[in-house]
Every structure is written in C-alpha cells, then in structure tokens.
Amino acid sequence: MPARKIFVTTALPYANGNFHIGHIMEYIQADIWVRFQRMQGAEVNFVGADDTHGAPIMIAAEKAGKTPQQFVADIAAGRKPYLEGFHIRFDNWHSTDAPENHELARQIYRDLQAAGLIETRTIEQFFDPEKNMFLPDRFIKGECPRCHARDQYGDNCENCGAVYAPTDLIEPYSALSGAKPVLKSSDHFFFQLSDPRCVAFLQEWTQDGRLQPEVANKVKEWFSVRTNPDGTTSEGLGDWDISRDAPYFGIEIPDAPGKYFYVWLDAPVGYLASLKNLLEKRGQSYDDYVADPQLEQVHFIGKDIVTFHTLFWPAMLKFSGRKTPDAVFVHGFLTVNNGEKMSKSRGTGLDPLKYLGLGMNAEWLRYYLAAKLNGRNEDIDFNAEDFMARVNSDLIGKFVNIASRAAGFLTKRFGGRLGAPDADGAALLEALRAQAGAIAEAYERRDTARAVRETMLLADRVNEYVDARKPWELAKQEGQEAALQAACTTCIEAFRLLTLYLKPVLPALAAQVEAFLNVQPLTFADAPALLGEGHAIGAYQHLMQRVDIKQLEALFEVPAAAAAPAAPAANAAAEASAAAGAATEAPGGEHIAPTITIDDFAKIDLRIALIVNCEPVEGSTKLLRLTLDVGEGRHRNVFSGIASAYRPEELVGKLTVMVANLAPRKMKFGVSEGMVLAASHGDEKAHPGIHVLNPWPGATPGMRVR
C-alpha cells in the first residue's frame, strides 16, 4: 500500500501581535497529528504563514511609524521562540504578502470570473467623515442584526457566529473616531455563493464526512431560510463581498485600480502559497504535487472561523478548478481554571513565552493539552491543579519513573544488557503490543485524550508488575540474578513501547529515550518487535522534572500594575531571561559558602533512607510527614517542607538521603528526627522547584554517603 501523501495547515495568525495560548494549542494539536502520520510512514507537508493584510494592520503600522511590510516583518521575526519552544515543527512558515500569494489569489479570482461567479454591484458603504476613508469591516461596530449583541464587528458576530454586511449592523459607529459613519456608493465585487452550482456542491461537500458531525450539523443550518435585518426572509446562502476600497493593505484586484481583495479571500490562499514556496525551495513542482489524486488536504482551525473554511474556501477552490479540502478539523476554545475567560489583569492569562521563561517544560503543556483534546470541537479548560496532578502523578510518576526503576540495575549488574522477560513479563509485553492499533486509531481521529488515557492504563499495569517483582529487593537477595534481569528487562521493553505510544506528544523526551535505549527513531511499525535479549542500553539520565506549585503561581501572578498597559510577551520573556542570567553569577543563585575542613564535614552523618510511608500534615500546606528506614531496626519520623513538589504516594518506596545525626527537633506537629536532603535554587521566585535527592539503584537503607 503506497504511503499517504498529506498537506496539513493550521489557521493563519493575524500578524498584528504575538502568538497567544489559543494559537499554541492549535499548533500543538496539529503537530501531534503530523508527527503521528510520519510515524505511520506518511509523507506530510505541514505549513503555516502569517495573515498580513487588511486595514487593521495598515492602521497599526501607521501608529507605529512603520510601513505595513516592516510592521508584519517585525511580528514574523518573533514567531520562532514560540514554535521552537513548544517543539512545533512546521516545514515552512510564510506570509500572505509573499509573491506566491499575490499570484495564486489573482489566478483564483480570474478562474472564478471565468466560471461566471463574480458579479459587480454598486453598494452603499460606510465612510468615516472624520478620517476621510471607507471603513473596513473590523472598524465598524454596532448591534448584531441576528442576536442583537452589542459592540460586534462589521463582518461577523463573535457572539452567535453570524456573517453579514457592515450595513446590516444596527446603530453602527466608527471604531477609529467614534463618529457615526455615512453611506457612500462604491462598486464592489461579489462571489456568488448563492449560485445553484455553489449551493449544490456545498450541500454535498459539507455532509459527506469531511467535517465532524457536530460541525456538519451546524453548517447545515446555514442553507436554510435566513432572516434579514429588515425582517424579511431570504432562502439559502448569501453572496460574499470580496473587495475593499483604497486605502487598503492587500492584493490589488486585477483590472480594478483602487480595489483590493478582502483579507478573507487571500488569507486561506496563503495555505497554498506557503506550500508552493516550500516545494519550490526543494526544487519540486507545485502543480504536479497538487494534481496528485492521492494527495489529502487537511486544515486545523478553531470554531470561530468555520464559516470561511466550510463555505467560502471550498467553493473558491472547487469553481476555480482546484482540489477541495479532504478534512477540516475544528477545535474549541481554551479557558483557564474552571472556565474563566483569559485576562492578564485578573491573573487568568496564560502567556506562552512567560511559561517558557519560568523554566516550565514545554512537554508538560503538550501532554496536558493532549490529555484534554478529543477530536470534537468542545472547549477545554486549563486547570492549574489538574495540570500539576496530571504531569507529576501520571506523566512522571507513572510513565517516566518506570525506566529509573530498572535501568540502574541493568547497567550496574549486567553491563546494560537485556535478558529475556519472565512468563508474566512476556504476557505483559504482549498486552502492551496488542494496544498499538487502538492507540494509533485514536491518534488518527485526533482523540489524543484517548491515546494518552490508554497509554497510562498500560503504564499502570507495568507499575503493578514492578511493584510485584520488587527489583530493589531482588538485587539484595542471593541467587536472584536471573529474576532481577528478567524483571528489569520487562520494564525497559515496556518503557520503549510506552515511549513509542507517547512520541507524537513528547518528541523531545522520546528522542532522549531513543538515545538511552540505543535505538533508531521509533515508529508504529516497531510496536510488534522487542529490543531482544543481549541488546545493550546506555546509562540512564534523568528525563523530566516535576511541576512546582511556585511555577504555576508565578505563571498566573496578577501584574503589579494591572491597569497599566501590559508589556509584550517577548519583552516579558526577555526580562525573565535577563533575571535568570543575572542569577547565574552565583551558582544555583547563591554564592559558595566559606570553606570548611574535612573534620567539619565528618561531623555530618549522611545516610541512605527508604521512605516507608509519607502523609500530609494536617494544618500545614508545606510539610509532609515521612517515615524513614535508615537500617537501624526502627523507623524515624521526619518532617520535610516539600509538599508543594510531591504527592505523598509518589515518594513511598523511594530511596533518599538524610542527615541522620541531626539533633531531634520538637515541632508543632511532632518531633522531627533528621533532615531529608533536597535541592532548590537560591532565587525561588525566578527558579521555583524542590528536588529531593534520589540515589542510584543499588544503594540500600543505612549506607553512608561519603
């Protein structure tokens, strides 16, 4: 069977500001799907571009004292830190002001003209008498003619999704001057979406499985009778005004001086322009590529732009003689902390660059969003407590720690070489391999929530196996070498499979694991096979830190001067970076303490301790009560201020290092008989996090740290 050939896009961000978290969510969703397809052997071209045209950019550039071209170029220059920071791997990032887009937009227009679907009409258009210019749709506001929501834009309603002409607005006003606009006549060009050919095509295209069922049902309503602002009714789809008057930053319409394409005509053409630019850079033929009948064209978009992508765009392509999309995947919006709307001044904004600047792992967010997105267009919520629990307990506690529970024994006792799994281990691995098809199917349907959920259920089974085998105890018993190697081999083989299943979500971590396991880049074709007896793995390196509550607090911290204009995200990140750079003058944020003698150090008795039990301390949000076995025939009670970094159940059964000869200290909650060692940065606000020391496998309770 030939490999699939897929052309994938995300919605083009408007080039008047930095990426926000909604952009990043969409790009991560698409990136996961693209990575999965490549792991299946598909040939994928994944492209994006900046949407650069329109009066808003023209006006913003004027205010900034720049040309529109320079304004959008400066915005484009800031895209890289976001995309690289979150491991979003577009094959090409382009611009709708590029020559390819000018050329393709004009070609499509001429083809639609030749098809008899472009009509010239004289219309009355709003004109700002104070600014002496025709007003772009987005600079006219008023009451929606359908749902009567106030302060809606002149081309579509953000409340009900209605699309209309600016003159349909009730009580309009200029967003530039506040003046009441006056109507002036102007010749405009219309794409006749009401033409029976367009209607028949779209009725079939929107209902043949290219859209999610809930989206298809919504679109179906738009073919019914619509109510006009004056109370009359009209049947079916309305025609689309595709032109704007000068002054306007955009693509001039052929043979129509002073007339420009409306931004929504040339913006989706930017998908094709970016693809064309990519192929030409590779020396490939764009025309040959798009003419391939096996090519699949897929768009990822938000639910706020469904109209443009399910009516205008496919009709433009169809009747200009081009391929229509095979799928339009629609996602919902992202809210924060139980449905709150994003607001920096209320501390509910989630700034992507601030997230990265705080040292938060990009793959925490990729994992969390993947665990929420399910292939439907439902809204999802970023909840800080849920985020911390899913990352610390599931991603790290269940998955990442599997390797650390076995790798050290294999390296130290068996030269890093795998053995053969025991009978239970072999059955477990077969169960893991059997789920490859179901997990792949979930990724195909963009149901990453299910893919993650199924993988974590498998991780639970692996951890049950480890807990039953107790390799840390086998390592201390005479004559259990074979059992120890078999148990650890099963862990590593299972870890490889789990990593394979999560690789589309966690590409950076997967690359680390591939290097550690000494394997080629994992694909779904590798699921049936095992590493095999005798395979040598490398030395295990720590793969991922836990989320610290202080990082989340800093992420949602309300700005000190909420009423003041917010600094651009890039500036905030630069300031965070500068602060971090200043802190590095002292290692770990603190200067090295004065020197001591070896005799001073010898007074401190550091011992390996097994955490037998761990529980929260009632009345304290910072402390955990640890029950420690230091190999002295009794258990010790130690209080440690690590509750912000660890859940009690995560620590039980783990080894750590403690100060064993510290004088007992009477505290409010009881007596503490020692101190657990943990690392943290001197500047906790800039570098939050507490990291309990964890010795390598092979250390046993009571051993002294020398």
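One-based numbering along the chain as shown.
Glycine too: its Cβ is placed from the backbone N, Cα and C atoms.
The stretch that Swiss-Prot tags with motif ''HIGH' region', taken from the ranges 13-23, 101-111, 123-133, 321-331, is 13-23. With DSSP states grouped into helix (H, G, I), strand (E, B) and coil, the domain 'tRNA-binding' (600-706) comes out at 7 helix, 44 strand, 56 coil. Annotated Zn(2+) site Cys144, Cys147, Cys157, Cys160; additional same-chain residues within 8 Å of its Cβ mean position, judged by their own Cβ, are Pro145, Arg146, His148, Ala149, Gln152, Glu158, Asn159, Gly161, Ala162. Following the DSSP three-state reduction, the secondary structure of Cys147 (Zn(2+) binding site) is coil. Taking the binding-site residues Cys144, Cys157 in turn and counting surrounding C-beta atoms within 10 angstroms, the largest count is reached at Cys144.
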